[in-house]
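K.L.:
Feature list, courtesy of Swiss-Prot:
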ACT_SITE  Glu107  active site, proton acceptor
DOMAIN    113-346  domain 'Radical SAM core'
DISULFID  Cys120-Cys351  disulfide bond
BINDING   Cys127, Cys131, Cys134  [4Fe-4S] cluster binding site
BINDING   Gly177, Glu178, Ser209, Ser232, Leu233, His234, Asn308  S-adenosyl-L-methionine binding site
ACT_SITE  Cys351  active site, S-methylcysteine intermediate
Amino acid sequence: MITAEKKKKNKFLPNFEKQSIYSLRYDEMQDWLVQNGQQKFRAKQIFEWLYEKRVDDIDDMTNLSKELREVLKDNFTMTTMTTVVKQESKDGTIKFLFELQDGYTIETVLMRHEYGNSVCVTTQVGCRIGCTFCASTLGGLKRNLEAGEIVSQVLTVQKALDETEERVSQIVIMGIGEPFENYDEMMDFLKIVNDDNGLNIGARHITVSTSGIIPRIYDFADEDIQINFAVSLHGANDEIRSRLMPINRAYNVEKLMEAIHYYQEKTNRRITFEYGLFGGVNDQIEHARELAHLIQELNCHVNLIPVNHVPERNYVKTPKEDIFKFEKELKRLGINATIRREQGADIDAACGQLRAKERKVETR
């Protein structure tokens, strides 16, 4: 729930007349009900309507009194976004472009795997991290999303899956934006979707990825939550990583690795390193050896990413044979590594591409 204190801490949060009902954690809903003269147990009924029955209107919550429904309508909205574009790939990947209440647009992607359906969610409108290979940063950062706007992305995808009696089985927070720059709303989102009364998606089926906001890595390590953790690394030395990710100038590789070691010591959980391969930049055998040396003491996995071409960027794809050689060298050196399967190559698949193509309000 967005409080005055939260708004003071997070200047990039929106200032809507009514906040999303999906922004409330279960405990916050209970507290709000009591503060408004209602019975605490109504929280369970409301969450059932929101996350199990997935109604679109507060008036559809028929086991609530008319008085309570009116109070809810006076204080909250259920409409946080509308679908503007829905692109479906030959491989079943679906990319959604949503328009928010203030006209900004965000992307969400449904990816189908043998093991289930994964949703990639966005945490910010735009991004200020400035990765030189990413379309998401082209328009800069406009604002942070409320927790409810992040929840609504998953719910909208789930409602689409309801038509074929499927369910969202995994969530990855790897869409537009840097999750750790919207930390409190991201944490509320995680608690809502993980809650037994919410979407009840297991913590081990949710992954958060960061570009390396070091103070927040320490905070995340201290959270009592079993969420999977990934780091966008892309370079094993400061020269290459700073070229690809300017944030490395503020949080260099040495300091980043110190934070990652702290995280693993505190949580005893495996870490995933996202490593995009860029032709002629970071994709040679010597780069694989340098990467292996950097992470050899960690319980980790390397996810090698054949990068999607972004028209506004100049990077080229690494040839397939070089990708396989890179993976083979990591494995020879004892590093667990896999190559990410390319999905949605025919539908503006790179993060931020669809939004960049359709963006109107943001570019005024």
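Glycine too: its Cβ is placed from the backbone N, Cα and C atoms.
Give me the structural setting of these features: burial, nearby parts and distances.
P.N.:
For Cys120 (disulfide bond), the Cβ neighbour count at a 10 Å cut-off comes to 23, with all displayed protein chains included.
Around Cys127 ([4Fe-4S] cluster binding site), a 10 Å sphere centred on its CB holds 26 further CB atoms from the protein chains shown. Classification of Cys127 ([4Fe-4S] cluster binding site) by DSSP places it in coil, neither helical nor stranded.
The number of other CB atoms found within 10 A of the CB of His234 (S-adenosyl-L-methionine binding site), across every protein chain shown, is 26.
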K.L.:
Ranked by the number of other Cβ atoms within 10 Å of their own Cβ, which of the binding-site residues Ser232, Asn308 ranks first?
P.N.:
Ser232
K.L.:
Out of Cys120, Cys127, Cys131, point to the one nearest Gly177 (S-adenosyl-L-methionine binding site) in space (Cα versus Cα); all of them are recorded positions in the record.
P.N.:
Cys127
K.L.:
In the structure shown, with every protein chain counted, which of the binding-site residues Cys131, Leu233 has the densest set of Cβ atoms within 10 angstroms of its Cβ?
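P.N.:
Comparing the binding-site residues Cys131, Leu233, the most crowded Cβ belongs to Leu233.
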K.L.:
Can you work out the mean pLDDT of the predicted model over the domain 'Radical SAM core' (113-346)?
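P.N.:
That region's mean pLDDT is 95.
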K.L.:
Cα of Ser232 (S-adenosyl-L-methionine binding site) to Cα of Cys131 ([4Fe-4S] cluster binding site): how many Å, rounded?
P.N.:
10
K.L.:
Could you check which of the recorded positions Glu107, Cys120, Cys127, Cys131, Cys134 is the closest Cα neighbour of Glu178 (S-adenosyl-L-methionine binding site)?
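P.N.:
Among Glu107, Cys120, Cys127, Cys131, Cys134, Cys127.
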K.L.:
How many whole Å apart are the CA atoms of Ser209 (S-adenosyl-L-methionine binding site) and Cys127 ([4Fe-4S] cluster binding site)?
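P.N.:
With distance taken Cα to Cα, Cys127 ([4Fe-4S] cluster binding site) is 14 Å from Ser209 (S-adenosyl-L-methionine binding site).
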